[in-house]
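Peer 1: Pasting the relevant annotations from TrEMBL:
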DOMAIN    1-90  domain 'CARD'
REGION    134-161  region 'Disordered'
DOMAIN    177-309  domain 'Caspase family p20'
ACT_SITE  His255  active site
ACT_SITE  Cys305  active site
REGION    312-352  region 'Disordered'
COMPBIAS  338-347  compositional bias 'Low complexity'
DOMAIN    353-440  domain 'Caspase family p10'
Amino acid sequence: MDERHKKLLQRNRTRLVKELEPSCLYDLLLEKGVFTQDMIDEIKSAGTRRDQARQLSRDIETRGSRAFLLFVESLDQTGQTQLAQALREGSALGTLEPIAPPVVRAALQPLPIVSPMDVDKKILIPPITPITPITPITPTHRPSPTPGPSPEGEALRPKPQRIRRDSIQSYKMDASPCGHCLIINNVEFEAKSELSNRAGSNTDCEKLQRRFSNMNFIVKVTTNLRQKQIRKELLALSKIDHSSFDCCVVIILSHGTEVSHSRFPGAVYGVDGLFVPVQHVTNFLNGQNCPSLQGKPKLFFIQACGGGEKDTGFEVSPEDSPPSAGEGEDDQTDAIPSSSSSDSLSLYDEPDARASLPTPSDILVSYSTFPGYVSWRDTQAGSWYVETLERVFAQTASEDDLVTMLMMVNHEVSQNSAKGLYKQMPGSFNFLRKLLYFQTPMNCS
């Protein structure tokens, strides 16, 4: 938007907040392309009419060069002619024009110093003019013979650098096997835990076991572990000598909950109803407790609930909203009774809980859901998160790094909806220092 129009809106903000009827404008501004539906929903959520008017008058300043004129036009069309006239008259005044353009011209005018005809500067101008054409000619001419490294050649080097060498850009990931992968799959919970069984989790486990085996990991699957058994397995993993390996992976499929914490939120349940804070889970493999993994990537994937809240999402425009894939009757979540508020859902809907993460470097924790919210699982096809994670890894691990793939997972899962109403947003806490490329059948020897 033109600077003078912004200043005009700012000068009239008090009047706009007092008199503007934003609800009359929403459909027109959407139709004219000034705002998207998401933006209008955000303005509506601001609160009272005055709050919405204030938010709208601020947001309009960010909406491009034609937004001001379309806004004034919409005011006329909705009968708010006095406001439209005030803005139109203000924009017709020349008082604002000397403010912005002169500042720009004052900055630009000195740059082309061709007109000053000082005797001293006359000598400096000739060298500047011929040197500028000569400089580009030399660099553009040299790459073509390609005797040495050219700009084009260097741009293509990241592709060959896909070779598993430890460098500033990427972790060394060429050991064979690449490392250990521990999967803890809690499906059947003891009656005293008051936690439901997790139908569909075995499907998740099988997919992940197959995928990480294909990526050259030594995969160990443990099922239905109590709290102490979870700790015992993690301790055993930390005692292994990882010197000849490049990476270590821990995957936990269970119920989860929120817990009080000093640094990192979340916990996962054993089948006995006792939980292990994920902060403790990650600490088993940190540099102090597992020295042979120092400087090597340690990855944690948590399929569990992040709390009791259910995300209903917000409306998006049709072109941004592909058909949801997760609207079946079998969508469940993995939450504890105290945080589950699924009375309004069918018997097949439950929540999964969130995890936590330590501060040491070379650690990434990927969550199936945003902290505080439930995570959905289909009783037959498995969880949205694991199903998408496994498919993305299978399709793109030979080309893309881990963080890029997790971004793809976030996007795809966010398009799903349970019962056509509830949404899910995965996320990760990334303390990796380099790109991480998994081994795949194509590049595993």
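Quick reminder: no glycine exception, Cβ is built from N, Cα and C everywhere.
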Peer 1: Would you mind splitting the domain 'Caspase family p20' (177-309) into helix, strand and coil residue counts from DSSP?
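Peer 2: For that range the per-state counts are 39 helix, 36 strand, 58 coil.
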Peer 1: Could you give me three numbers for the domain 'CARD' (1-90), the DSSP helix, strand and coil residue counts?
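Peer 2: Secondary-structure breakdown of the domain 'CARD' (1-90): 68 helix, 0 strand, 22 coil.
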Peer 1: Mean pLDDT for the domain 'Caspase family p20' (177-309), rounded to an integer?
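Peer 2: PLDDT averaged over the stretch: 91.
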Peer 1: From the Cα of His255 (active site) across to the Cα of Cys305 (active site), what is the distance in angstrom?
Peer 2: 6
Peer 1: Hey, what's the Cβ neighbour count for His255 (active site) at 10 Å?
Peer 2: 31
